[in-house]
Amino acid sequence: QQHADPICNKPCKTHDDCSGAWFCQACWNSARTCGPYVG
């Protein structure tokens, strides 16, 4: 079971804005929020 990441769902402008997260490190530009990393 994954714990919610504190950076998940935070606003972002670039991928690096989410780089401190474990489970939510991708920046979805359409929504401008961090989301689960997709390899």
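Backbone N, Cα and C define each Cβ position, glycine as well.
Taken from Swiss-Prot, the feature disulfide bond covers Cys8-Cys24, Cys12-Cys27, Cys18-Cys34. For Gln1, the entry in Swiss-Prot reads pyrrolidone carboxylic acid, with the evidence type experimental evidence. Look at Swiss-Prot and you will find Val38 tagged as site 'Interaction with carboxypeptidase'.
Where Swiss-Prot records a feature, it is marked here on the structure.
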| residue | record | DSSP class |
| --- | --- | --- |
| Cys8 | disulfide bond | coil |
| Cys18 | disulfide bond | helix |
| Cys24 | disulfide bond | coil |
| Cys34 | disulfide bond | strand |
Which of the disulfide-bonded residues Cys18, Cys27, Cys34 has its Cα closest in space to the Cα of Cys8 (disulfide bond)? Cys34
Whole-number Å distance between the CA of Cys34 (disulfide bond) and the CA of Cys12 (disulfide bond)? 6
